[in-house]
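Undergrad: Residues or ranges marked as substrate binding site in Swiss-Prot (evidence: sequence analysis): Asp10, Lys33, 60-69, Thr123, Arg185, Gln194, 214-215. The active site, proton donor annotation in Swiss-Prot covers Lys62.
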Amino acid sequence: MSRPVIVALDLDNEKKLNELLPKLGKPENVFIKIGMELFFNEGPKIVKQLSEQGYQIFLDLKMNDIPNTVYNGAKALARLGITYTTVHALGGSQMIKAAKDGLIAGTPIDKNVPKLLAVTELTSISDEILHYEQNCNLSMNDQVLSLATTAKKAGADGVICSPLEVKDLRQKVGEDFLYVTPGIRPAGNAKDDQSRVATPLQAKEWGSTAIVVGRPITLATDPEAAYEAIKKEFN
């Protein structure tokens, strides 16, 4: 089974979405990430429509609230036909457990329960921000390890983390966990707003379960060719 390459759709409306999606290939061959911008503009209906068309969907809303609110939010998201969704690991173990319970409760009987991924530290967070703004005295690796360990114990299926941290996490948190990594840039591409980045080949070698790639695919002259090239490099 090939490892997923997930296309980050950093778009804000359905018109732009409909212009891009046909350029990526057949729906059954495409795994997409929908974030806050598109979801908040177009609403849950767009997610359900895309799921019904055959797209695999990572709905990345990074829920972070009191457990009861997150439970009900996750329960609603589970009805949309998504494959992955996210919470912030910093929300704590009770919130993570509530999200997992909500996904189970909301999933239709004939569907698979979406995988719950906990966001550790965003790939835009540098060591300076971690130490001087978040007032965290741990190293980045130790902070991510702590958050990942908490998330696994609370019932999360995996974490969102930098590819730079995957090898260490696999050794210390375990192989029976998903390690989904943004911050992927093919060689020669600009880092944009990411601080901790790697190439698809490096992510493969370090053990990422799946990678998330946005602009190097969506802004390419031939998005489908760029997508297929990254899939090949990662698998």
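Using the three backbone atoms N, Cα and C, a Cβ is placed for every residue, glycine included.
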Undergrad: Rank the binding-site residues Asn64, Thr123 by the number of other Cβ atoms within 10 Å of each Cβ and report the first-ranked residue.
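TA: The residue with the most neighbouring Cβ atoms within 10 Å is Thr123.
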Undergrad: Can you check which residues sit near Pro67 (substrate binding site), meaning Cβ under 8 Å from its Cβ, same chain, 6 or more apart in sequence, and list them in order?
TA: Gln94, Met95, Lys97, Ala98
Undergrad: Please give me the CB contact count at 10 A for Gly214 (substrate binding site), counting all chains in the structure.
TA: 19
Undergrad: Write out the long-range same-chain contacts of Leu61 (substrate binding site), meaning residues 6 or more apart in sequence whose Cβ is under 8 Å from its Cβ.
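TA: Result: Gly35, Met36, Phe39, Gly73, Leu77, Thr85, Thr86.
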Undergrad: Check the DSSP secondary structure of Leu61 (substrate binding site), expressed as helix, strand or coil.
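TA: Assignment for Leu61 (substrate binding site) reads strand.
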Undergrad: Measure the Cβ-based neighbour count of Lys62 (active site, proton donor), defined as the other Cβ atoms within 10 Å of its Cβ.
TA: 17
Undergrad: Using C-alpha atoms only, work out the spacing between the residue listed as 'active site, proton donor' and Thr123 (substrate binding site) and round it to an integer in Å.
TA: 14
Undergrad: Tell me the Cβ contacts of Asp10 (substrate binding site) under 8 Å, same chain only and six or more apart in sequence, or just say none.
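TA: Asp10 (substrate binding site) has long-range Cβ partners Gly35, Glu37, Gly214, Arg215, Thr218.
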Undergrad: In terms of DSSP three-state secondary structure, what is the assignment for Pro67 (substrate binding site)?
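TA: In three-state terms, Pro67 (substrate binding site) counts as helix.
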